[in-house]
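Undergrad: Have a look at the structure that comes next, please.
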Amino acid sequence: MGGAGGRAGFYVGLGLALASSAFIGGSFILKKKGLLRLCRRGRARAGQGGHAYLQEWLWWAGLLCMGAGEAANFAAYAFAPATLVTPLGALSVLVSAVLSSTFLNEQLNVHGKIGCILSILGSTVMVIHAPQEEEVSSLESMAEKLKDPGFIVFAVCVLVSSLLLIFVAGPRYGQSNVLVYVLVCSAIGSLSVSCVKGLGIALKELFSGKPVLKEPLGWVLLVCLVICISVQINYLNKALDIFNTSVVTPIYYVLFTTAVMMCSAILFKEWQHMVLDNIIGTISGFLTIVSGIFLLHVFRDMPFTPDLLPLFLQQGRADLHALWRSADRHQSCQHQPLLPSEDKASQSAEEEEEEEGESV
């Protein structure tokens, strides 16, 4: 793919990834608004087994937004590198948090606001430094990449480690360690993203008039994608059922994105032509997004009070209050009489004269 075409495809993929985050983040708000409206009407809630939400147009609007977001995310992999598209999925969390504080009156504490800022900064850094040249532009080149010994070793390691986690570590530590099932989802997820990218390229060739339906690789990628997504959904639901969502979500994002970036580096060689500055910038942007997501999720329900400040800041706060109080007292003294002693002497003299008059 040429430089101009590669850069144009990069910006198309970037736009689709950003649109995907906006649609997915907004879909949660629409669904929540629809469920709250049903609750105010006294209808059976979804958590109690009710299905009245199927008659609520806001819920359906949220579902359509979710579908549009997932479709845009799917298409983004056909144009932009997975190293860029996958980390930008964190922006959907940011969009959901900001819209929740605006339309659902959910408070966004200081940690959440800092997390949002860090996520935006990290995403910006990743967009600037991410690889822009696409290494795979057809199913033929995709087939060549899949035959690469490095990717074969990576895929075998992913499958063997996932089987060990499922059948050996799962029964022993799955109920007590959050990493067991999340690692399964993340490892298998790296392969599912590769399948999605291959199918996206196949669809792009299909729309250009190439006989893609006769190629067996496209069907193999589709079957592998269905299997991988089924495994991901199964074990992610297990992790969410056992552990708190605020713990599972950031850990899953970090491990899943790391696995996808490793798989992309091995399979698509996206980092092969990157200079050292861009590699450092991409990793730094990713770690900044990770920090923002952790602040946004893990400390979501923690109130920010002055007692949480470090001791030296608390001491400075106390000194500042003492300074304000002394300033207030000084200001109040300025409004007192200039000669209070003379006023007191005159008041005592008047009182003595009144007493003498009464005695007379």
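First residue shown is number 1, and so on along the chain.
The backbone N, Cα and C atoms fix where each Cβ goes, and this holds for glycine too.
Sharing the record's features from TrEMBL:
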TRANSMEM  12-30  transmembrane segment
TRANSMEM  51-69  transmembrane segment
TRANSMEM  75-98  transmembrane segment
TRANSMEM  110-130  transmembrane segment
TRANSMEM  150-171  transmembrane segment
TRANSMEM  178-202  transmembrane segment
TRANSMEM  217-235  transmembrane segment
TRANSMEM  247-267  transmembrane segment
TRANSMEM  279-299  transmembrane segment
REGION    332-360  region 'Disordered'
COMPBIAS  349-360  compositional bias 'Acidic residues'
Undergrad: Check the transmembrane segment (247-267) against the transmembrane segment (150-171) for contact, please; criterion is three or more CB pairs under 8 Å, pairs 6 or more apart in sequence.
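TA: Output yes: the transmembrane segment (247-267) sits against the transmembrane segment (150-171).
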Undergrad: Out of 12-30, 75-98, 217-235, 279-299, which stretch touches the transmembrane segment (178-202) the most, going by CB pairs under 8 Å?
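TA: Between the stretches 12-30, 75-98, 217-235, 279-299, 217-235 has the largest tally.
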Undergrad: For the transmembrane segment (279-299), what are the same-chain contacts with Cβ under 8 Å, counting residues 6+ beyond its ends?
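TA: Same-chain contacts beyond the ends: 83, 87, 90, 93-94, 97, 109, 111-112, 114-131, 246-247, 249-250, 253-254, 257, 261, 271.
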Undergrad: Are there residues at least 6 beyond the ends of the transmembrane segment (150-171) whose Cβ is under 8 Å from a Cβ of it, and what are they?
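TA: Distant Cβ neighbours of the transmembrane segment (150-171) are 177, 180-181, 183-184, 187-188, 190-191, 231, 235, 259, 262-263, 266-267.
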